[in-house]
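Taken straight from TrEMBL:
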type     : residues : note
ACT_SITE : 212      : active site, charge relay system
ACT_SITE : 347      : active site, charge relay system
ACT_SITE : 378      : active site, charge relay system
DOMAIN   : 132-385  : domain 'AB hydrolase-1'
């Protein structure tokens, strides 16, 4: 072998070092992407609170520790709003109980049939009072969803009766009895459920709870008519967007993959609508049905479905009118009972610009507290140490903690200071 052949088989001593450097660079790149995607460098902190300094707010912050202590999500993935949202969307909750309830059917004046599930408390409430939580789930959800079952079981054990609305058309085994299903802000079914609870339990007081779209419905319901606030101790809204008109533009944007989430939710709405096609479109002419279904099949966003299908259930002439009339932003300022509004800063569905609505409201109205967590995603709020989350979420705990604090406040104060708007008594003072 001559020298030239020997040189051909000689490996430069710099090559192994170069390969090792490339490996290290690749590993560093992957780690950087993981750290960025999982948001591992983000700190944990207590919720950012906006409120007015009043005796009630001071009492609430003292009595509900979840509002003042830091929320600690699972270390490895809990700081990613996308993973929190995905885990909620796919699993609902880690370990879901099966609370035992009774399904109730309420006929509506337009021929629709509202349904809700009623769960009795598992023990006495700590105040000794009869308290019912009236609960409105998120879009297309119902009492059988894991996050609802987990929350109901927790509330029952704390002495609360729970009534959970099943959105019209959401339950796959319940047929529609009229050509109408749930919409973004229709309060008819929720109002019917609340009315039933008030008639059946004349001594009970109500705590109103809404998740996501349900938060919009309950706040709109309370603000539509002052009578709706009678016997209501307080209201809690979790992860709602407040204004559909303002939100529609953000749902077409790709930041935080919001356009992708829009597509997924639109696909789910398609499935719900198509499962009830005969009830919803049976009374229309063949050409109208074909046109509506054609537009439905090709829709890739919630806005297209709302414009072509949903707004027509209530006779709105345009998508803008539909969103204006069905958003709680035009009613929420009429709510006088204590109101806790909760959102997460990393919620991929609720754009940061929408959070100016609850922040401004809480700064102006003494009955409102706005709590913004750094993490939690959309209806996630999982807690845990490193990898595995706990069965109960921060969201479950803060709702029950706030409710307990409000019940204690109501018990210890004079009747004339009651937050229950149906209380008519007045206080008198005696001169010393």
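Here the Cβ of each residue, glycine as well, is placed from N, Cα and C on the backbone.
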* Nearest-integer angstrom distance between the alpha carbons (Cα) of residue 347 (active site, charge relay system) and residue 378 (active site, charge relay system) -> 5
* Structure fact -> So residue 378 (active site, charge relay system), by the Cβ count within 10 Å over all chains shown, scores 25
* Expressed to the nearest Å, what is the distance separating residue 378 (active site, charge relay system) and residue 212 (active site, charge relay system) at their Cα atoms? -> 8
* To do: Please work out the number of neighbouring Cβ atoms within 10 Å of the Cβ of residue 212 (active site, charge relay system), leaving out its own Cβ.
  => 22
